[in-house]
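So the structure is just underneath, and the comments pick up after that.
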Amino acid sequence: MFWKWCFRLSIVFVGLWLLLDLSSRLGAEVFWFREVGYLQVFLLRLVSRGVLWVVAAGVTAVYLWGNLALAQRLKYPRSLKIAEVRREEAELSVGLKNFLSPQYSRLNAPKINDAGHLKPFRLRWLLPLAFVFSLLAGLILVHYGKIALAYWYPAFNKNSLPIITPFRLETIWELGRQVFSQVLYLGLIVGIAIAILIYSQFFLRAIAVVLSVVFGTILFYNWAKVLQYFFPTPFNSTEPLFGKDISFYIFSLPLWELLELWLMGMFLYGFIAVTLTYLLSADSLSQGIFPGFSPQQQRHLYGMGGLLMLMVAFSYWLSRYELVYSPRGVSYGASYTDVVVQLPIYNILCVLGLAIAFYLLWRTIFWRAKSQYRQFVFYGLGAYLFVVVAAGSVLPTIVQYLIVQPNELQREQTYIQRTIALTRQAFGLETIDARTFNPQGDLTTAAIQANDLTIRNIRLWDQRPLLETNRQLQQFRPYYRFPDADIDRYTLEAEAAANRPASANQSPAPAEIAATERRQVLIAARELDYSAVPEQAQTWINQHLIYTHGYGFTMSPVNTVGPGGLPEYFVKDIAGSNEGALSTSSEAVRDSIPIGQPRIYYGEITNTYVMTGTRVRELDYPSGSDNAYNSYSGLGGIVIGSGWRKGLFAMYLKDWQMLFTRDFLPETKVLFRRNVKSRIQAIAPFLKFDSDPYLVSADGSPAFSGRDNYLYWMVDAYTTSDRYPYSDPDNNGINYIRNSVKIVIDAYNGSVKFYIADPTDPIIATWSAIFPGMFQPLSDMPVTLRSHIRYPLDYFAIQSERLMTYHMTDTQVFYNREDQWQIPNEIYGSESRPVEPYYLITSLPTVPFEEFILLLPYTPKQRTNLIAWLAARSDGENYGKLLLYNFPKERLVYGTEQIEARINQDPVISQQISLWNRQGSRAIQGNLLVIPIEQSLLYVEPIYLEATQNSLPTLVRVVVAYENRIVMAQTLEQALQAIFQPEVTPAPAIIRPFEEGTTPDS
């Protein structure tokens, strides 16, 4: 009795704990979303998820438990079974008592069948049949359980998880093969099957409960697909096979596939569970015989079988549309075999499945125990399975190998063209402006001076060496860290931009110069990394009350070098002359770049939650041998206030010291979810986000509140899909992507705003309809921030990867892969690696002004010469435009690998690099940049020197290559001067004829 009460109290305690935990999560989320201004977004998602879970779990539970309860009523009672079988056994001879004996005749079977009963099953048939059905039940549980676990522990956005293939007749074998190839799953499924055979009633009901939770979970996490279905936006473009608008495949088909996944599993398990209930009734296994299905049992199974066949027909109806994702042919999407053979087969299977389903349901409604057409059901199902196997799998394979492959190009030409066209549409490649670029090799010193802005922005400092230098010179304390350095451009007053001449022989500046100039810079945030705090100092107060924020940033021009080969800084240090402000290189920089009080409460590595406005002052920044302290006065955070809120957040954060600390005040706030990625992920989980948030120093008013705070994070967000018809997916399974959203996060206040960057994207239009007011037009972004938007690296990388194949628009060239491209390699440090896209300020060919672009060169497959380069524009009206410059194929244009080889083969350069590498240091070859200037290409590579003991990279040399000339000098200016200096032609020798026989005297 005592233990029973202990068990009950434990159950009550666990239930109360779960209830409190759920309530605290819900309450904290409501407070947090209200703080960031997106409470309506959260509530709509919450209601949608809750309704979907309740509907899916409830319908599944009612259907499965209801049918299992009905089966319990209709199954053979134990007493009837024992009496009948034992009476018949008593009449048998001793030699016939073994039901497995081949001498046992059917005439000796139990006489309990009336005219409506089906024939009995003996043990040699009953046991394998029951075991196979039990294995199927275990396979269903494991399969759908794996899907649910994939949603619980995703590696990417939950809403973007693909719908895994449901239980279709032709795929059960493949699913079984995959699962049974793994010993763990094999043992689990066999164990479930044996448990069902022994304790059928308990385990069949338990599996029904688990599947109800699983199906509820699957629909819970697919709330985005459901909402998109009800708010579709037309693409105004049709796919060629069925003539449907693309929106059907993006918004409608995923929901139908989700329903198929759910209902197919529910109906299939229900049919299997009820069949097992009947087969295992009356202790049939221990008695060695099943008396046969009674008329009531048959009627029940007919009804459930009819629903199952209805889903099978629906599955084949969906399979027709899924042919546009077929990988069978030479190109992605429906191929010749799919259209000519597979599509008619799916149509036939759909119609036959409907016919069988309607017949079974008609027999269920208008039941007759004695029917002369009863055997037609088995014939029909047998014929259906034959068509599925023979026509659904064998026939398409025969056609593919015997008809298509011998004449593949002729058969597949139309379908290849579809793949090319729709892949280019899906990845935004059809709008690329392709031009011819024919390098002339006539670049002169005058041309270099005419392109002074381009030269002044050639990037000599890469992110890696600059970050290493920052960590040595600008961190100041162990708990500060520079997690990243980002390329951007700023408009500076001319005084700030004119610290260094572009070349040694540059003419003096004219009397009238431009008031401002754009400079390419590397900006890095100085964030607080609490994990770097000494272990002895990692106390609760330090973690949550004192070490709350980072401070400041560094800004370095990309092309200038300070004393000793170290980078120069426009902005650096902490605690300048203006009470905690940062140090600047000049007044012009201070006037050009707003600094204010650059506290970073929200950043890339701010992963701890903190409490502000307490009795404990926050560490602001180090000042000499002491520290400066401050209290947060921003708009972020949630007021803890009363005791119940303190308890709520203590429960939510699992931080019980919050309940007992005496440092809280009535105005104390809690700031959590401070990492910018997790912050925007929580608000908009239906978007994908760029991997590189970048810091911007600008005046964001009036869109962002807050005085004297000018630091913002900008993040690019993408709308993606894997359901675009005929579009060949990339390595991540994405076959549609748009950079539709720009996100701005206030680094001090935590405010988040979403701006639509591509209003032509139907997916973002759908999300705008679902969440009205969440997205703002890009024109609402402050101009000071808008001037810093850039073409995102991740988006450009995906497009450039697809372009390597899908620049070929001719079907025969595409089929033969005659013009396949690749991304060239470069040497970085001492290792070869693919060239990464890089930003630069330059003027594109035929464009009369400089602009901020993202560039990537291409080489032909398995060759090293340049074949093209892709440029993405980032400024003003030209933002988002792609330009592809193709080089003449009949002319050699040096690629990065060829230039690297020439650098390493040059005796002077290679000797110097080898000398550095032998003196306790290491020479690092930086990024090799291919820079278009007018109608020529200039190659620039910095060389850094790094000590093996102390990693402080310094820029020691710059290598410049142009045409057949290559120069290594201490500065870019010297290298340019050397490579473009006029070649001195020696004076011809004076040759006089010497006449034989003459002498000076003569």
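Heads up, the Cβ atoms here are built off N, Cα and C, so glycines get one too.
What Swiss-Prot records for this protein:
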- 7-29: transmembrane segment (TRANSMEM)
- 49-71: transmembrane segment (TRANSMEM)
- 123-145: transmembrane segment (TRANSMEM)
- 178-200: transmembrane segment (TRANSMEM)
- 202-224: transmembrane segment (TRANSMEM)
- 258-280: transmembrane segment (TRANSMEM)
- 300-319: transmembrane segment (TRANSMEM)
- 339-361: transmembrane segment (TRANSMEM)
- 382-404: transmembrane segment (TRANSMEM)
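Away from its own ends, the transmembrane segment (178-200) comes close to residues 130-131, 134-135, 137-139, 141-143, 207, 276-277, 280, 285 of its chain (Cβ-Cβ under 8 Å, at least six residues beyond either end).
Away from its own ends, the transmembrane segment (202-224) comes close to residues 45, 48-49, 52-58, 60-61, 64-65, 68, 137, 140-141, 144-145, 147-148, 151-152, 158-159, 161, 192, 195-196, 258, 261-262, 265-266, 269, 273, 276-277, 685-686 of its chain (Cβ-Cβ under 8 Å, at least six residues beyond either end). Count of Cβ pairs under 8 Å against the transmembrane segment (49-71): among 7-29, 258-280, 300-319, 382-404, the largest is for 258-280.
Recorded stretches compared: 7-29, 300-319, 382-404; the one with the most Cβ pairs under 8 Å to the transmembrane segment (258-280) is 300-319. Here the transmembrane segment (382-404) has Cβ contacts under 8 Å with residues 169-170, 328-329, 335-338, 340-342, 345, 348-349, 352-353, 356, 411-412 of the same chain, all six or more residues outside its ends.
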